[in-house]
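Here is the structure we will look at, set down as structure tokens.
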Amino acid sequence: MMMMTQVETTVHYNNGYEEEYMLQEDEWDRDMLLDPAWEQQQRKTFTAWCNSHLRKAGTQIENIEEDFRNGLKLMLLLEVISGERLPKPDRGKMRFHKIANVNKALDYITSKGVKLVSIGAEEIVDGNVKMTLGMIWTIILRFAIQDINVEETSAKEGLLLWCQRKTAPYRNVNVQNFHVSWKDGLAFCALIHRHRPDLLDYSKLNKDDPLGNLNLAFDIAEKHLDIPKMLDAEDIINTPKPDERAIMTYVSCFYHAFAGAEQAETAANRICKVLGVNQENEKMMAEYERLASELLEWIHRTTPWLENRTPEKTMAEMQRKLEDFRDYRRQHKPPKVQEKCQLEINFNTLQTKLRISNRPAFMPSEGKMVSDIASAWQGLDQAEKGYEEWLLTEIRRLERLDHLAEKFRQKATNHENWASGKELMLSQKDFETATLTEIKALLRKHEAFESDLAAHQDRVEQIAAIAQELNELDYHDVAAVNQRCQSICDLWDKLGTLTQKRRESLERTDKLLETIDQLFLEFAKRSAPFNNWMEGAMEDLQDMFIVHTTDEVQSLIAAHEQFKATLPEADAERQAILGIQNEVQKISQSYGIKANIINPYATITIEELLNKWEKVKKLVPQRDGALQEEMARQHANERLRRQFAAQANLIGPWIQTRMEEIGRFSLVIGGTLEDQMTQLKQVEHVIVAYKPNIDKLEGDHQLIQESLVFDNKHTNYTMEHIRVGWELLLTTIARTINEIETQILTRDAKGISQQQMNEFRSSFNHFDRKKNGAMETDDFRACLISMGYDLGEVEFARIMILVDPNGTGKVSFQSFIDFMTRETADTDTAEQVVASFRILATDKPYILIEELRRELPPEQAEYCIVRMPPYAGPGAPPGALDYTAFSTALYGESDL
């Protein structure tokens, strides 16, 4: 066993504090020889290390214990590695000259804070191998290893930690020391591949080929990294435990070779972090722009459809419009309501992330602000409300038009049937060859016709009035109605003219005639009005009716009862007319008239009167049945009204209660934000579970509309009120949950404790005097004063710009939290990013494209190349980019 000694070293740092440590050495002893293998490794390694510095002065050493004996190359070595001048050496060849030179070198080492123990100039001059190697190791420790600092560890521990960090991702590499962990050569290869992957393919290395691995690493280091070959691979492989000092010296050269790359990697990581945040924000901005554009395009496409008030011509077409509108309400609009809510949530989340990362607030494209979307949505709601009212009104109008058109057709048909043949009859010249009796019969017949014509005057006026109303209501087939009405009026005028002419002809002939059958004339006069009355009664009994309430049906029933009360009087008139006919037959029988006596004046036979009377009697009970059926239908409609009202009167207050419950969350102080989020999620679950009640009410509302029920006196709630309230409830719960999520995000990003958050909420609620979720300007000033702020007008104006950039005069709770935590936020700044780019550019005021592509990942490098402006300063080569302007633009500090 070897005896153990110590080499004590005291390290003095430039910042004024000292760290003393003891390096325990067990490799060599003053009185015994070194282990031959270790001595050989140290000789090679230390010689190569010294020559790597001495060659800068144009010299080298061959034998480490011999070439340093005169002290000259030792002093030169110290001057090269320190960059300082040592005292002038003695040039004599005497022993005391050599000792003096070595002492100058040792004094310089001591002046650098290294306390040398057991190493004297005489031993170096005498060529003591052990002492010479120990001295060189002390120099290596001080000038190559001591200043290594990794994660608050330095020297040997720092170098070991650096190796562990760099080789951690590589298979078959586990660096635990500076001897056996390096025997297979993979650790050296991993260090090279980590920093210069272009120099070797690590995936092709074999753990079972240590000789090949070591030679590959040493050759690449010597050729490409300017690290001289300090050991042979056989020296490491053939030794059970390689010399720790030799390995540390070799590895320290790798550390210093890659130190610049380490600094560049750190700078690149900072830039990648900043650019990654910026790219994520830009993706969220682009997603907001896309969603906003799609929603606005849908609103702008849907609003004109709802604003279109062009009526259809038929009831079926209007019913299809109503079905389309119902599909829009049930299928197309609800997803858009969710999209609008999600868009507002995404916008708030993006703004919060921008504030947390110290970025300027996001300003959407013109016309795509949240307020623009809300305004467009409000216009959509207004158009929607008016559209539904217009549809129902138009359906009522078409329903009335169909009724009037049918009534016109019935009256026109009856009149045309009556007028058929009248023109031919009035144009006859039969009176020219008639006898006196026949003439008188013709005269009475004409008088009866005139009476009938006068009775039809009212019917013609009714037909014209109905046609006029159809014109005013814009009936789709009004042209055919007008043509038919005009034909009836033209024929009526012609009949009037022909009637007047025939009367004049008969009156001229009547002067020559004396006899007239008064009885037939009386029959004709009384039968014609009675016949007209029966025709009118049949029309009334078959008339269509449109009612919406039981009261209206009751009114029709009362009118029908009044009509039935007139039937006895009408029956008496019928009996009287039959009596006239019976009197004619009695006279004919009494006076033995054999001829077939036909009433020359009447336009209707007694059989026709009897048939029409029987028809009137049949229509009366039919009318009774139709009115009773309508009464039953109106009772069913009343049940639908009550059923809808019962549900609406429960759902409306339930929605209001949930709105008030959500509103109380902004006033709650106790409990964590996560507790409030849990409670809000529970409320949201209750709301979502309540959706089937809304759907059932929609179904009842559809039944009411299909039954053409347009009013409901049993409730003040309409389906529109319930829809608006339900949509507002969904939007409010989503927005409140988003506000809590934003507060949690702000709390976690800013490091705010729950107690601080509660104190902020307590102060905010106290000074939110109107309890509307925002403090007025004066309330905010009072809050700051109560918290110890000494506010002047200028300072308060500066603070208001921060918390109320839009100048609304109100401070939200989120702005209040951002202000209270702003000054302690640990975020990147534009200056830090500029400093990072300066490192990558090697202190140049500009950076080149190839430097960006070499130091940054491809995606971030291309991002910078596309957005970084050209450098406009003097002395810049072509293609130089201005990283200072680019960095300030990231934080909104320039107009780039």
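Going from the start of the chain as shown, residues are counted 1 onward.
Backbone N, Cα and C atoms are what each Cβ position is placed from, and that goes for glycine too.
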Range annotated as coiled coil in TrEMBL, from 439-473, 544-578, 789-823: 439-473
Two-stretch contact, the domain 'Calponin-homology (CH)' (153-259) and the domain 'Calponin-homology (CH)' (40-144), at least three Cβ pairs under 8 Å: yes
Residues of the domain 'EF-hand' (791-826) by DSSP state, where helix covers H, G and I: 21 helix, 3 strand, 12 coil
DSSP-derived helix, strand and coil totals, residue by residue, for the domain 'EF-hand' (755-790): 23 helix, 3 strand, 10 coil
Tally of DSSP helical, extended and coil residues in the domain 'Calponin-homology (CH)' (153-259): 65 helix, 2 strand, 40 coil
Remote residues contacting the domain 'EF-hand' (791-826) - C-beta distance under 8 A, at least 6 residues beyond either end: 352, 355-356, 358, 361, 666, 739, 742-743, 746-747, 749-752, 757, 760-761, 764, 773-777, 780-781, 784-785
Folded-back contacts onto the coiled coil (439-473), same chain, C-beta under 8 angstroms, at least six residues removed: 397, 400-401, 404-405, 407-408, 411-412, 414-415, 418-419, 422, 425-426, 430-431, 481-482, 485, 488-489, 492, 495-496, 499, 502-503, 506-507, 509-510, 512-517, 520-521, 524-525, 528-529, 532, 600-603
For the domain 'Calponin-homology (CH)' (40-144), residues assigned helix / strand / coil by DSSP: 71 helix, 0 strand, 34 coil
